[in-house]
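Asker: Structure incoming, see below.
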Amino acid sequence: SKREIKMRKLDSTKVRPLKSEQLLHIEDHDFALRPGFGGSPIPVGIDVQVESIDSISEVDMDFTMTLYLRHYWKDERLSFRSNKNKSMTFDGRLIKKIWVPDVFFVHSKRSFIHDTTVENIMLRVYPDGNVLFSLRITVSAMCFMDFSRFPLDTQNCSLELESYAYNEDDLMLYWKHGNKSLSTDEHISLSQFFIEEFSASSGLAFYSSTGWYNRLFINFALRRHIFFFVLQSYFPAMLMVMLSWVSFWIDRRAVPARVSLGITTVLTMSTIMTGVSASMPQVSYIKAVDVYLWISFLFVFLSVIEYAAVNYLTTIEERKQLKKRGKASGMYMDAVQAMAFDGCFHDTDVDMDLSGFSEPCEDSETRTSETNISNADTTRLKRKRSLKGNVGRIILQNNHVIDTYSRIIFPSVYIVFNFFYWGLYI
């Protein structure tokens, strides 16, 4: 009646619907329900354009990505008449009044919709009820990384999309254009990684309490730049190992020089290893860089042990020489005193030239023959010594040979180790 119409006009508590809302008949439908409620599942197409990969964190095992997420579906409740068959575009204010898919990111840690200068949301409705819903989102999600080959590794990460409330009986997620649904900016680059590939895939996820859900995957492979770690870890470790070999050319009696060089290289290797470990997660398995650094540390440590062995053998040799010289000096004095007493030189086992003191004696021939017999017995005893004793005596008398062999063995083994290491991991 005219009276009721007049009362509605005078009622200021009701807000008049916008012209766009009137055109879409928003007040005539319950948009809390999905399109086609009670029937077959509604298909929702997805396509993604990756704007940038902002960061990759090995410590937190996650990545941060900025992308444009677009949804496509058909809601006949939003269809409208259009003489020119043109679509209508809206911003985020209309989103709260209609039904939109509840897509979320699985294994997401943080995410947000950009809101500068306004929320980066676009809604485009076509006359036949087809809808395009686009968002600009930055999301940080988990990436389960394997560091057993670090830093010569390749990491495979994925960003997973899924409906939170609607299982496969109500909503069917799919890639709108197949493999072409995933596009990337041509200028995407990372400081520590090469982006080898981007790919799109789909699957199903099962939850025991709610059922099966469609899930979409954005897969990408990252191969690490090795040059940074060569400069920061591998090359300094090589230099420290080669620096430890310098001690093999330093005189074995220069104890302060060789000891200080060995300690310096050991401490430097420890610092390099600590720096690498500090920037990595505390994993329970051995990484490739750990193998290289620990083997390098072992070479440096063995160079210190090598000098300890040389110094010890040198000390034993010098003591034996001092004892031999002291004993020879005592025998020499006894021989001089005996010759002064009876006027005849008494031969001893000492290897000295005492010809200046020898004079003819009556029993010299007899004593000479006895001495020859004694020397022959001594020679036979020496020949019966074991090979082990001979080798030990040679080492004691020529312990500088250890340094000579070390100059060849240490570099050769280290080169072989590098050959196998880089061949195995590259």
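Glycine is treated like the rest: Cβ placed from N, Cα and C.
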Asker: In TrEMBL, which of the ranges 49-69, 91-111, 196-216, 259-279 has the transmembrane segment annotation?
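Answerer: Matching range for transmembrane segment: 259-279.
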Asker: Report, as numbers and ranges, every residue of the chain located at least six residues beyond the transmembrane segment (226-247) whose Cβ falls under 8 Å of a Cβ in that stretch; write 'none' if there are none.
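Answerer: Distant Cβ neighbours of the transmembrane segment (226-247) are 151-152, 192, 257-258, 261-262, 265, 268-269, 272, 275-276, 289, 292-293, 296, 299-300, 303-304, 306-307, 406-407, 410-411, 414.
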Asker: Counting only residues 6 or more past its boundaries, what in the same chain has a CB within less than 8 Å of a CB in the transmembrane segment (408-425)?
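Answerer: 149, 152, 241-242, 245, 248, 288, 291-292, 295, 299, 302-303.
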